[in-house]
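Working notes for the structure below.
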Amino acid sequence: MNQIEPGVQYNYVYDEDEYMIQEEEWDRDLLLDPAWEKQQRKTFTAWCNSHLRKAGTQIENIEEDFRNGLKLMLLLEVISGERLPKPDRGKMRFHKIANVNKALDYIASKGVKLVSIGAEEIVDGNVKMTLGMIWTIILRFAIQDISVEETSAKEGLLLWCQRKTAPYRNVNIQNFHTSWKDGLGLCALIHRHRPDLIDYSKLNKDDPIGNINLAMEIAEKHLDIPKMLDAEDIVNTPKPDERAIMTYVSCFYHAFAGAEQAETAANRICKVLAVNQENERLMEEYERLASELLEWIRRTIPWLENRTPEKTMQAMQKKLEDFRDYRRKHKPPKVQEKCQLEINFNTLQTKLRISNRPAFMPSEGKMVSDIAGAWQRLEQAEKGYEEWLLNEIRRLERLEHLAEKFRQKASTHETWAYGKEQILLQKDYESASLTEVRALLRKHEAFESDLAAHQDRVEQIAAIAQELNELDYHDAVNVNDRCQKICDQWDRLGTLTQKRREALERTEKLLETIDQLHLEFAKRAAPFNNWMEGAMEDLQDMFIVHSIEEIQSLITAHEQFKATLPEADGERQSILAIQNEVEKVIQSYSIRISSSNPYSTVTMDELRNKWDKVKQLVPVRDQSLQEELARQHANERLRRQFAAQANAIGPWIQNKMEEIARSSIQITGALEDQMNQLKQYEHNIINYKNNIDKLEGDHQLIQEALVFDNKHTNYTMEHIRVGWELLLTTIARTINEVETQILTRDAKGITQEQMNEFRASFNHFDRRKNGLMDHEDFRACLISMGYDLGEAEFARIMTLVDPNGQGTVTFQSFIDFMTRETADTDTAEQVIASFRILASDKPYILAEELRRELPPDQAQYCIKRMPPYSGPGSVPGALDYTAFSSALYGESDL
């Protein structure tokens, strides 16, 4: 173990300066108030012992017991749960200093910076330094991690105390000194978390010592928090020591933080009222569902119409995922709600007609047509949104590829150009020998060759930067700045190159010998080196392909490149042979010059390393291309798999639509048979849902693989979704229409033959075959059935069959009209006669009579809606059942 030299001191300052002490604060602490020192001794000793007892030991004198560093290291191991280095067991001073330094090293490793605390002061028993060190340990291991609403540790602990004691009288915690002198704050903290331990109402603000002692005794006995404070010291000190109180209060924080004939009449009234109540419930349910659906559409349309592009691929992928969630999770329930809303509306209107009630008119803006219009606007907003997202992702993908390519080429050029200006500015030729000047000239010629070889790269960098600007790359400013710097530097290099050549040519006449081997090496090595750099760039170049043909093209190009490697290796061997010849000449003639080539910056090691790098990159490129080829084959399989399913599902949906359409207009057979057939259709359709789900899964795989086209099918997932939703809506609506016809037939007493006759007449005059007759078709139908109609009579009939003024007559309205005069339905007169029986022939009825004869809820319904009776013989509490009955059938304004 290395010895720790005496005199080593730690000069660290903890980064969290909002609650860690600064060096100047330590200077002031050297003049610590004796009362504060006493409080800190007691508190810090108790705090240390509360942890040391877990290891079966304790301290008596804080500045003496830590001097050898053993218990200090043990304390740190207990509170951190980590092992410290093995202590030195000797008793000499340097052993003690070494142990204390190990403890201080561990504290510093936790990010704590100790100001002016050296191991010598601790070993010497300096009480100020010892207390400061223990306070630093308390801050790091007991207080630092306390955080409330992103506050610092001290502020977080204070805020925690303020919140916990806020409801208590006479408690106002503003600091960690004077706010705790009366002891009520400590008692309030205990009572807030353990009200069974203390009766706060019996505490006396004028007995601070008793309050503090009570709190500390309870904390020690029930909360395992040792006594760390002296009540008399806190009460009698004008400003108690803040560190002592913070240490003690933090123990509370850690302790507490871890811490679902008349009878016949009554039956008739109950039946009528039940129908009315159910109709009102359906009306309210329709209004509620319509409001919720319209509100959802209103909130969704702006989101779908937002075409603001994001700057990053991750953000656009998040938008695409949100849209997928909308199509998979949010929209399908709303499609069902819209369908259910139409079914409820038709059912309600049928029930109202059957029960001889007025037609239901939804509130303004909530008609079925209004909802259909809003839904159409939603579909219009949704159209093209996904295509826009995918186009944006392709654009960003292209941008990222170009940006990475720009960075690679720019980095390569900057690396090459680094230091070139300084080289060109040198005037070494002024003091060089004739041979050296000629060497400098040849070296400059090689540099010019290298410079010309880099011209293409600079042009490529500028072209890529221009394309990034045209595609609106989000970091175009930095790209332009970097490109401009490269171009400016390139211009300076050109100017400096020309000037240096002119200077060298002025001295060329002084040159007598040329080292042909060096010059030949320079001329051949520079292009070869540049070729290798270009080859490495090409081998590391990123590629993006979307088809097997594209990747095959890249593989072909790569194979062509590999075919050139033998020729390149021959060139490399020739260049190496030149250098070997140079070495041979130098050795043969004992020439005292460096074997380094004065005309070229390219070294043999550089050529070897780059050649090795090229050979390493070739198989890596092979693997990348083969992996991409495999991925493109997988994408092609996904396309074919999706197309096979879509080409089967699309015609199946169309066939089902045609079968349902034929079933809805058939004349022969009973309605129940037609219903059973439709139910079978519905069952088959529901069972077919698994095919749609599987297609959705394949479609998601295609999108996750970023496959953007599929030449194997004309069906897209959007076509299938729209067809499937239309099929579900059509079968549900058709079943509802047949159920309504059965309900009307049974309620009106129509035979199956009559129903078939009505259907035949309706189908004959339904010229557009859309289940509706306009006014002229309806008039022709009535005339064909023997009705002699004038304009007034026809207008009256139209108000019955087209109450909403839509200009069309449905099959259900046609049946209602044909059976209206002969059907056995209840009337207002029948209900009035029933009420008269319950009222014992009186023109009014009393609430008591209603409660006696009717069920409680329907009796209360009548009492709430019947107007007071004011006719002859009226008595207090008399109710007008005549007006009420007329209102039920829309014959009054009640």
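Cβ atoms are placed via backbone N, Cα and C, with glycine included.
Annotated domain 'Calponin-homology (CH) 2' per Swiss-Prot: 151-257, in sequence order. Within the model, the domain 'Calponin-homology (CH) 2' (151-257) carries an average pLDDT of 89.
The Cβ of THR237 (phosphothreonine) has ALA35, TRP36, GLN39 as same-chain neighbours under 8 Å, each 6 or more residues away in sequence. Here Swiss-Prot flags THR237 as phosphothreonine, drawing on a large-scale study or a structure entry.
Here the repeat 'Spectrin 1' (281-391) has, by DSSP, the following mix of helix, strand and coil residues: 89 helix, 0 strand, 22 coil. Positions annotated as repeat 'Spectrin 1' by Swiss-Prot: 281-391.
If you look up Swiss-Prot, you'll see 401-506 marked as repeat 'Spectrin 2'.
The repeat 'Spectrin 3' annotation in Swiss-Prot covers 516-627. Secondary structure of the repeat 'Spectrin 3' (516-627) per DSSP, as helix, strand and coil residue counts: 90 helix, 0 strand, 22 coil.
In the repeat 'Spectrin 4' (637-740), the DSSP tally of helix, strand and coil residues is 85 helix, 0 strand, 19 coil. Annotated repeat 'Spectrin 4' per Swiss-Prot: 637-740, in sequence order.
Summarising the annotation, Swiss-Prot assigns Ca(2+) 1 binding site to ASP766, ASN770, ASP777 and lists a curator's inference as the type of evidence. Annotation note: ASP777 (Ca(2+) 1 binding site) sits in a helical segment as assigned by DSSP.
Annotated domain 'EF-hand 2' per Swiss-Prot: 789-824, in sequence order, evidence recorded as sequence analysis. Mapped onto DSSP classes, the domain 'EF-hand 2' (789-824) shows 20 helix, 3 strand, 13 coil.
The Cβ of ASP777 (Ca(2+) 1 binding site) lies under 8 Å from the Cβ of PHE765, ASP766, ARG767, VAL809, each of these being in the same chain and 6 or more residues away along the sequence. Sequence-distant neighbours of ASN770 (Ca(2+) 1 binding site) (same chain, 6+ residues apart, CB-CB distance under 8 A): none.
Annotated Ca(2+) 1 site ASP766, ASN770, ASP777; additional same-chain residues within 8 Å of its Cβ mean position, judged by their own Cβ, are PHE762, PHE765, ARG767, ARG768, LYS769, GLY771, LEU772, MET773, ASP774. Using a cut-off of 8 Å between Cβ atoms, the repeat 'Spectrin 1' (281-391) and the repeat 'Spectrin 3' (516-627) share fewer than three residue pairs, counting only pairs 6 or more apart in sequence. Around the Cβ of ASP766 (Ca(2+) 1 binding site), 20 further Cβ atoms fall within 10 Å across all displayed protein chains. With DSSP states grouped into helix (H, G, I), strand (E, B) and coil, the repeat 'Spectrin 2' (401-506) comes out at 94 helix, 0 strand, 12 coil.
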